[in-house]
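J.: Taken from TrEMBL, the feature transmembrane segment applies to 7-25, 45-64, 85-105, 125-144, 156-174, 180-208.
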Amino acid sequence: MEISTLATYHCLAFVWYFFIAYSITHIRTEERPSEVFLYGGQWKYLTVLNLVLQAVFYGVSFLADVLRLIKKLRCAKCVISSRDLLFSVLAFPVSTFVSISFWTLYIYNRELVYPKSLDGVIPLWLNHAMHTAVLPFAVLEILAMPHRYPAKKKGLILLGFVTFLYISWVLWIYSVTGEWVYPLFALFSPAGLAAFFTGSLAVIISFYNFGEFLNRMIWGDSIVILDYRRKGK
């Protein structure tokens with residue numbers, strides 16, 4: 001794909017995610033169900049954090065495209081490295097996890113993740129923007145251009161660290177409020193919850209590996225060329 005086309009796509013994706021993140025974080029206070037959006041506000045939900053993550057990623061991607069277009073290659077090289085790290089370690093696995101885990105639990109019992117009381121607050125299109133569209137956007141990014149993945153150990157350590165931070169945030173909210181971010185967590189004993197979090201980490205790691213597999217399967221030789229050029233050989 002031409003750089004100008006990529007720049008247009010990344011710019012539109014950035015505007016889209018910024019709009020969605022703005023929409024969900026500016027729901028009027030009087031419209032919010034009493035059992036939702038308490039301590040931590042929307043920022044306790046992985047879905048909302050993912051929207052911000054995607055907006056940041058596409059903003060960085062657009063910046064990288066612009067720098068390449070104006071021939072600022074030295075600056076572009078640094079930004080591209082950040083873009084690829086952000087996509088491989090967070091943007092792809094998190095958006096995939098959000099979409100698949102949400103709809104799996106929603107079909108099983110929506111009250112565990114998305115109480116019916118939210119239907120009168122969050123319109124259907126916004127729900128799909130947050131939980132459905134994120135997956136095809138992630139796949140489209142892999143199809144649009146190659147991304148250089150970090151060394152496996154580095155990638156998994158970073159992903160595990162971010163996962164640990166979010167779990168710590170969830171546990172902190174519970175310690176302060178006595179309420180779980182998601183009603184699902186109340187079903188588990190402490191040991192069961194630990195097993196659930198461990199299983200969730202294993203799932204998100206599998207999505208990381210799947211993204212790396214897709215990236216290499218689609219772009220193969222192009223990734224080798226990227227490595228070659230960035231090392232300046």
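A Cβ is built for glycine as well, from the same backbone N, Cα and C atoms used for every other residue.
On a predicted model such as this, the values are computed, not experimentally measured, just so you know.
Map the listed features onto the structure and describe their local environment.
T.: Counting residues 6+ beyond its ends, the transmembrane segment (45-64) has Cβ neighbours under 8 Å at 6-7, 10-11, 13-14, 17-18, 20-21, 24-25, 76, 79-80, 82-83, 86-87, 90-91, 94-95, 97-98, 102, 130-131, 134, 137, 166, 181 in the same chain.
Counting residues 6+ beyond its ends, the transmembrane segment (85-105) has Cβ neighbours under 8 Å at 46-47, 50, 53-54, 56-57, 60-61, 112-114, 130-132, 134-135, 137-138, 141-142, 147-150, 155, 158-159, 162, 184, 200, 203-205, 207-208, 210-212, 215 in the same chain.
Long-range Cβ contacts of the transmembrane segment (156-174) within its own chain (Cβ-Cβ under 8 Å, at least 6 residues beyond either end) map to 39-40, 44, 46, 49, 85, 89-90, 93, 150, 180-181, 185, 197, 200-201, 204-205, 208.
Counting same-chain residues at least six beyond the ends of the transmembrane segment (180-208), those with a Cβ under 8 angstroms from any Cβ of the stretch are 40, 44-45, 88-89, 92-94, 96-97, 100-101, 105, 111-113, 115, 155-156, 159-160, 163, 167, 170, 173-174.
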